[in-house]
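Engineer: Okay, here's the structure, questions in a sec.
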Amino acid sequence: MEDPVTRFYKCRKTCCEMLEDRGYIITAREKLENFAAFKELFEENEKLRSRMTIITSHKNDANNKIIVYFVDEVKKTGVKPLRELTEKMDEKSIQRAILVTQNTLTPFAKDAIKEAAPRHIIENFLDTELLVNITKHELVPRHIPLTSDEKRNLLQRYKIKENKLPRIQDVDPVCRYFGLSKGQVVKIIRPSETAGRYVTYRLVV
């Protein structure tokens, strides 16, 4: 079985890549790409995942902040870590969070996440989902989320309504990676033997 420190290093590294792909600013210091430096800092923090929290802002909007909160508990995650997280969010005026757990959430915790919205938007990932970056897998085509202006231009250009677009579920792993919500459109680029590349657009539902 993989060493817990190596496992957490991989998980946190994917989180940094995910934030960058969403347009958030990640400094070299925050990335901690050097494993020895990561391990040293983790041990200094008594191997508590919650002390390796990431807080950053979007490159286009300093007020658009996000927190990645790593839960220490190995067992099922209840409402206590969620309470700690929402307190941090209120304290630092953060609306969006990624909650990384080592096990599934209790039914009470799942309900608490639903009840927290829209004031606190909390996405939950298991650390096992973050050991590898799925967008870097050779079989996963490139996904590019469109802005609202790009979506409007696309619909105008093809003279179609959004409900005529092919669909993709918001629970799709790549949609979750990018934090996409219902109504957004994602551009998907696949290699094509005849055309070089094949582009499609999908509506998140």
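Keep in mind that glycine also has a Cβ here, set from the backbone N, Cα and C atoms.
Feature table excerpt (TrEMBL):
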type	residues	note
DOMAIN	3-89	domain 'RNA polymerase Rpb5 N-terminal'
DOMAIN	132-204	domain 'RNA polymerase subunit H/Rpb5 C-terminal'
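Situate these features within the shown structure.
Structural biologist: Confidence over the domain 'RNA polymerase Rpb5 N-terminal' (3-89), given as mean pLDDT on the 0 to 100 scale, stands at 96.
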Engineer: DSSP-wise, what's the residue breakdown of the domain 'RNA polymerase Rpb5 N-terminal' (3-89) into helix, strand and coil?
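Structural biologist: Taking each residue of the domain 'RNA polymerase Rpb5 N-terminal' (3-89) in turn, the totals are 47 helix, 17 strand, 23 coil.
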Engineer: Run through the domain 'RNA polymerase subunit H/Rpb5 C-terminal' (132-204) and tell me, per DSSP, how many residues are helix, strand and coil.
Structural biologist: 23 helix, 23 strand, 27 coil
